[in-house]
Amino acid sequence: MDEIDESLVPPETNQEEEFRPYFPEKAEDEGVVNKQGLKKKLVKVGEGWEVPDQGDEITVNFTGAVVGGAQFASSGEGKPSVCFVGKDNVLKGCEDGLITMRKGEISIFTVPPALTQGIQSLYPDIPQDATLQFQVELVSWYRVVDVNNDGGVVKKIVHKSELLERPERKDEVTVKYEVKLEDGSLVAKSPEEGVEFLVSDGRLCPALAAAVVTMRKGEQAILRVEPQYAFGNAGRPAQDGLSAVPPNAVIIITLELVAYKLLEYITDDKLVIKKITSCGEAFEKPNTGATAQIRYIGKLSDGTIFDKKGLDGMEPFEFTVDYEQIVEGLDMAVATMKRKEVALVIVGPGYGYGSNGTKTELAVVPAQSTLYYEVEMVGFTKFLFMDHIAVVLLNATLSVYDSVLQCKFPPNTAHCQFFSTQITESWDMNPEQKLEYAAKRKEEGNAYFKAGKYRRASLRYDMAVKYVEFESTFDEEQKKLGKFYKVSCNLNNAACKLKMKDYKEAANLCSKALKLEPTNVKALFRRAQAYMENLDLDLAALDLKKANEIDPSNGDVTQQLQRLQNMQSYYDKKESKLYVNMIEKLKI
């Protein structure tokens, strides 16, 4: 290690030097673009920045010649050639160079023999060891997409959209299409205004739904569809005076995505649906208690208008979210909307006026009516929590301003939005404020539960728990109170979930309570109820036996144990009968 290095040249190494391609950017620049030695000389710079990709359809003017020899091919004067990058032998060996070209660009490619193998099938006179030279002008190209990655649906984009978003399988789309056989016979055509359908439901043939989720609004494409994604072995009989589709026929579809609506199921039972026609701004949405401003028009299925707010020059309609000031289904949908969002909200009878119906100033809404609302979210102010001390201080401050400036301020509810002393999130609150908030939300939840409004009650209990979930700043007494709210609100929420038949979540909420109080009989009892509804009878038995050991005199637990035994007996007999039948069949 002490010797000096007396060598005059660097030592030889077996490590292969990393290849770095050079892509010419100016006219007359030349560079090697791949490891195999393909050279590109830029003759004329093209337009823009977009370049074709492997598999794309390109239109080119070209000449091909053997280096030091004769020309063997050309596109023909005034007649550009059409080929697919990487799939045709016409410009064999130029693929890595073609995908660097821009529209209108002219380049000369020098292609070594290793890259030209196979071109002799088109031009037999070319020697196997010949270096070739192609001068290529890229006239235009179309993006080509293998939709299912199996060649079954190949999409050629003939009009590109500048938008980024695409519909998903759950969304509703409006498309225009024309379907032909390879010989040009017309077999199907959409109405002039297009057709609307749910992507998940499909339309006409499988190719349509598969392709439309790869498209952007305004995009136009031509699909080449193999039989398995068209009409298969059966074909399609002639309809509407158009041609029939023979069995195992390839079809060509000209397709345009006119529009689409992002579809959201607001409720698990899919009886409240939101179809977004114009996406909103940013990401924020109103919370429970937020003051929202909306414009809307409500219609029945026959188009009759029964309600209208904030339109025809009127101020936007203002209401408090999730406080029963508008139809429940509409209320729930608005809570999912962003500022400036526009949507069609479909409300099933159970979330509208139900079996009673109603009469408004504009029309009679019959019982069991489905309601259709066109809604615009103008804006909203999120719910802001403020404790009693802050309200007193604000009111005192405002009184001073009233007397000095002789100006009138809005009611106290608006004061919270006017001053910077407002509390917005749990992490901005001190422990007393968090506990006060939890108590208020629990009271609201109890009132909703007694009124049979279990979804609203569940939401309040959930809100209460979230505000006392983290207790690092609590003292010992505050921790005891926080634990009380977490246990009681989780169990009350479990009762809501049982009423709503969400048994899995009911069991989960009881488990949360039991982590804090392992011997809580009510938690064991309600979790057992949930287990029994899901037929997890063994788990239910464990909970009920433990509850019975803790409180042997509890009549509800005793009754539930008896019900569990009856269920176990019933299912044991049922399984035994099935087993006997299976054995008898095996004997045969």
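Note that Cβ sites are derived from N, Cα and C of the backbone, with glycine treated the same way.
Unlike curated records, TrEMBL annotations are generated automatically.
Feature list (source: TrEMBL):
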type	residues	note
DOMAIN	55-142	domain 'PPIase FKBP-type'
DOMAIN	170-261	domain 'PPIase FKBP-type'
DOMAIN	289-381	domain 'PPIase FKBP-type'
REGION	1-20	region 'Disordered'
REPEAT	521-554	repeat 'TPR'
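For the repeat 'TPR' (521-554), same-chain residues at least 6 beyond its ends with a Cβ under 8 Å from one of its own Cβ atoms are 487, 491, 494-495, 497-498, 501, 503-504, 506-507, 510-511, 513-514, 560-561, 563-564, 567-568, 571. For the domain 'PPIase FKBP-type' (170-261), DSSP puts the residue distribution at 13 helix, 37 strand, 42 coil. Break the repeat 'TPR' (521-554) down by DSSP state and the numbers are 27 helix, 0 strand, 7 coil. Residue counts for the domain 'PPIase FKBP-type' (55-142) by DSSP state, with H, G and I taken as helix and E and B as strand, are 10 helix, 36 strand, 42 coil. Model confidence over the domain 'PPIase FKBP-type' (170-261) stands at 95, taken as the mean pLDDT rounded to a whole number.
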